[in-house]
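Copied over from TrEMBL, here are the features:
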{"type": "ACT_SITE", "residues": "D255", "note": "active site, proton donor"}
{"type": "BINDING", "residues": "R62, G63, A64, R105, Q214, N265, K266", "note": "substrate binding site"}
{"type": "SITE", "residues": "C175", "note": "site 'Transition state stabilizer'"}
Amino acid sequence: MGTINSDNSTLVPTSEGPLLSLRWEEDRLFLLDQRLLPEHIIFLELKAVSEIWDAIATMKVRGAPAIGISAAYGVVLAGQAYEGDIPAQWIEEIHKAADYLATSRPTAVNLFWALNRMKDRATLLSEQYSDIKMLNLSLMAEAVLIHQEDEEVCRMIGEHALPLFESGMGVLTHCNAGGLATAKYGTALAPFYLAKERGISLKVFADETRPVLQGARLTAFELQQAGVDVTLLTDNMAAVVMAKGWIQAVIVGTDRVAANGDVANKIGTYGVAVLAKAHGIPFYVASPLSTIDLSTASGADIPIEERPESEITEFYGKRTAPVGVKVFNPAFDVTPHEYVTAIITEKGIVREPYLSTLPELFKK
Ligand SMILES: CSC[C@H]1O[C@H](OP(=O)(O)O)[C@H](O)[C@@H]1O
């Protein structure tokens, strides 16, 4: 595993905006170990494909766009590790690495979107260049482009989402779809950063999001760091804060939107969507086009990752369930499109009928 290069355990809110979770430097990826937040800010230095695979699989890096960006750099590392001078062998190494990285997690479609984009680019480059150094430099440029594009994509999602929220509104979110899950700004959290910049006061309510606590450890952390008004809730409080009239909208991220608008997102999202509908509260999904998968017909076709039992039977190292108890630990659930008020993308906002409105986004 890469070396640790910094630790700042005294965390104070700053107005620096979202904390960046990824930094690429020529032949290594500096990656914020999100398992250790919020107590420790530790960046790992990753220089091998296997380290990238491990970081994705063990959720040191998580969030659909951040996973895709990391995997793209993993493919670059594979190309750089090739020591021969035969382009056909180089491309074989690229495809082998991409297929290996594709096994790290199954649900977030950004992983496969980024890997396919890198494989396609590598194939095109290998038809143009025979020099391995040139191939590697050109392929790295594609990964950097994926990284840079995501920052602009998230900002645009924020711009399209912001008009949905009025000053003084309470907005509930689930899991972490913030700067830590992306290149910067986040998807669902992007409007909160823009609102802060523009003096629009929103009250964010963040579900803690068991079992990995992305809401408590990551969303509450990054919004507090940015000076955004955030209140932490346990996952069983969404109903009461809605009943109290504290919530005027819900916005979440997503790991895969199916062609019919069904949305896979962190476990617990479906329950929040049902509660929102029952209280007449709009339920928005922030999604880059890279997370919309028109080749997946509906939510029933989205592979749902099941994660280790220990995430549920232990609470940060302390056993909280009897040994041998049966456990069900799906990392995601699917919200049927009927519960989705609108999907906010970098190209604009789409609403039902998603089967026809989603493909239009790819034509603009
Ligand atoms: C902007 S994508 C964020 C998305 O990814 C999270 O899952 P995980 O933490 O397991 O990678 C969650 O579903 C978020 O909504």
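From the backbone N, Cα and C atoms, a Cβ is placed for every residue, glycine too.
Note that TrEMBL annotation is computational and uncurated.
C175 (site 'Transition state stabilizer') and K266 (substrate binding site) are 6 Å apart (CA-CA, integer value). Pairwise Cα distances among R62, G63, A64, R105, Q214, N265, K266, the recorded substrate-binding residues, top out at 17 Å. Contact annotation for binding-site residues (R62, R105, N265, K266) versus ligand 1: R62, N265, K266, each with CB under 6 Å from a ligand atom. Counting only same-chain residues at least 6 apart in sequence, those with a Cβ under 8 Å from the Cβ of N265 (substrate binding site) are H174, C175, V252, G253, T254, D255, V285, F332, D333, T335. When secondary structure is read from DSSP and collapsed to three states, N265 (substrate binding site) falls in the strand class. Here the Cβ of G63 (substrate binding site) has 29 other Cβ atoms within 10 Å, regardless of which shown protein chain they belong to. Around the Cβ of Q214 (substrate binding site), the same chain contributes R62, C175, N176, K266, each under 8 angstroms and 6 or more positions distant in sequence. Residues within less than 8 Å, Cβ to Cβ, of A64 (substrate binding site) and separated from it by at least 6 positions along the same chain comprise A108, V109, N110, L111, A181, G253, T254, D255, R256, S290, T291.
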